[in-house]
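Copied from TrEMBL, the annotated features are:
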DOMAIN    12-234  domain 'ABC transporter'
TRANSMEM  295-315  transmembrane segment
TRANSMEM  493-515  transmembrane segment
TRANSMEM  527-550  transmembrane segment
TRANSMEM  570-591  transmembrane segment
TRANSMEM  598-620  transmembrane segment
TRANSMEM  660-684  transmembrane segment
Amino acid sequence: MTTMNGNQPPAIRVRGAYKTYDGRSYVLRGLNMTVSQGTIYGLLGPSGCGKSTLLNAIVGLVGLEAGEISTSMETKSDLGFMPQQMALYERMNTFETLSYYGNIAGMSDEEIKKRSDYLIKFLEIPTAVKDNISLSGGQRRRLSLAAALINNPPVIVLDEPTVGVDPLLRQSIWSYLIHLTEKENKTVVITTHYIEETSQAHKIGLMRSGVLISEDTPKNLLSQNNSRSLEETFMRLSHLQECDKLHDEKTDEVIRHNTYEKPSKPAFTEKSKSFKSKRFKAEIMKNFLFVKRDFIVILFTVLVPITTILCAHFAEHGEPSPYRLGVVNEEFPSGSNACERWQLPKNESCDFANLSCRFLKNLETKQIFPVELASKEQGLIMVRRAEIWGIIRFPRNYSEALERRTALQPINDNPDKDKIIDSSTVDVWLDESNVIIDYLLKLHLYDVILDTLADVYNKCGWPLRVVQLPIKMEPVYLSQRLDTFELDPRDSVLPVMIIVLMFTMPMLYGIAVFMEERLCGACARSIVAGVTPFEMMISHLVVQMIIHTLQMASASLMMYGFLGYDIRNIPITLTLVFTQGFPGIAFSFFLPLVVNSLIAVGIICTGFVFLCVTVSGAIWPVEGFHPLLRSLIWLNPMRYSSTATFHSSYKGWGLEEPTILYGFGSLLSWTVIFVIAIYLAIVLSKNRVFLGKNA
Ligand SMILES: Nc1ncnc2c1ncn2[C@@H]1O[C@H](COP(=O)(O)OP(=O)(O)OP(=O)(O)O)[C@@H](O)[C@H]1O
């Protein structure tokens, strides 16, 4: 046992600490603790008594309900902290981990190298493994200890550093800690479950039920309690505490009436919080390292937009063909085969004969193939079995009636007009369960009937416009890509798609990376080590922007370059597509700050993207939405930007158009809203949002 440096000023002083996680049961119940400078303080207690909570409160990871903690630490690099959770970045290796924490502490590369070599050798940490996941539990614990000691800080707080460490190395660690305190005036607070090893500490705090039941040198503890071992002392004191109800009752009274004083300041905050380029460099290097390690994932996030655009292009490539349509041809009751036996009229002859056959022939030009039916009822059964999309029935004398109908001038004078009209009308029953197929089939049937008649009129030398609908339509904007009058739904769907992708991909990547860091405790450890939220976020932002630029450039090249979609206003379109990443990235910072569960984040993200796509206008035009939904549409961060992208790319609109300004306005507003939300979450929680569920 070593002598206690009792005359030193306290390096850590805890007074009246109260802590509850759930607002009901208290983990710390008015705890007092004094750690003198240049000493080892061994904190002992049964599992769950609050040791880690106390250490986390000392280093500023956990906020107190009441009480005060004062320390001799001036800056965060004065503290070396090893959390119980270890909180190491799994994808770093040994050297990278030590270099990261060394850089945060402001060490030079040379100092880091020297110190790392020493600690690696002393703590027997393997260096040949490619990342920290490949280390065993004990090896990881030793690496975590090395990270806490890398900059040789004056105050060292270690939560169970010797668990899983063999007895020889355990003794070396204790000898090293004694050396640090006695020769270098360092202060060490250490928790352990191996009670006897704390006999080497200068002072032992015995903790039970949220209070220290005793705080003294090992020698005094043994003699005052007349025990042969510290284990025996602890059992004895615990028994005494059981009998001392008074203390508990007093504490309960304070808790019940909330009469404890609220802490005037957080446990330990760095006095200078200015931006440090060395720490920023450490964060940037860490994030780039992960990009390198996650190369396949990054590649995936770049490939997903390209492939989605490519798939959307080919998925909407053509009509859903061929269609199968049942035919009941009463004009040829012996079957439509009769059509083949029929001699189709010569090109020149003006003839209405066998029009149903000509109609069926023309159907094939629209990829609609007739399936001969004996009756309408047989067809209905086939429609219900999804074997055909519908039934078309030609009445008996269809051709003759249509000729007579054409010749009716004026129709009202003819006494047989109803019969003629009925016989010249084709009956159609359609499945109608698929709105797009139903719509296209109807359009084709109209077209085919008009084409068939137009053919006859052509041969008869009659004016074609008589059989056409009395309306003439021409497009104002023609797709440059297609250069035809035909409408292509992809021209309006893909601009929405690229916008959704540019919002979603940076958001998903950012959330995944940030959430992983936060949940493994590494984010909290970095904050305790001195990284400011600003440095952390800006370094993530730099990396995210680079990845987003790659995603945006490759997706735009694919869509506007390779597939040739219209991009009449190149600068505005590309700026809109690029800017769409801003709210996505901002959201990726915000969500992990306020949600602690990976499952919840996954569900929220997926739900959010589904919701935004549903109300983006890609599935159905916004003009057709329910008025209530339309009034809420501005809540979708992709709504105005996708419309603006469509108009700038397809029509060449620029900043003089309000639609384009709305697009940019909405993007910037959402970015600002998310940034304010991040700021509020950080400021209102006093940085605790970074610390995960501990806070
Ligand atoms: N983040 C948290 N949220 C809710 N409860 C918590 C949290 N952290 C700790 N607790 C609870 O606080 C109590 C004290 O936990 P703590 O980890 O401080 O104990 P400990 O003495 O360090 O235990 P051990 O020796 O097993 O590590 C436990 O009952 C635990 O369930």
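Even glycines carry a Cβ here, placed using N, Cα and C.
Counting Cβ pairs under 8 Å that are 6 or more residues apart, the transmembrane segment (598-620) and the transmembrane segment (493-515) reach 3 or more and are in contact. Of the candidate ranges 295-315, 493-515, 660-684, 493-515 contributes the most Cβ pairs within a distance under 8 Å of the transmembrane segment (570-591). Non-local neighbours of the transmembrane segment (295-315) in the same chain are 490, 493-494, 497-498, 501-502, 505, 508-509, 547, 550-551, 554-555, 558-559, 563; each lies 6+ residues outside the stretch with a CB under 8 Å from one of its CB atoms.
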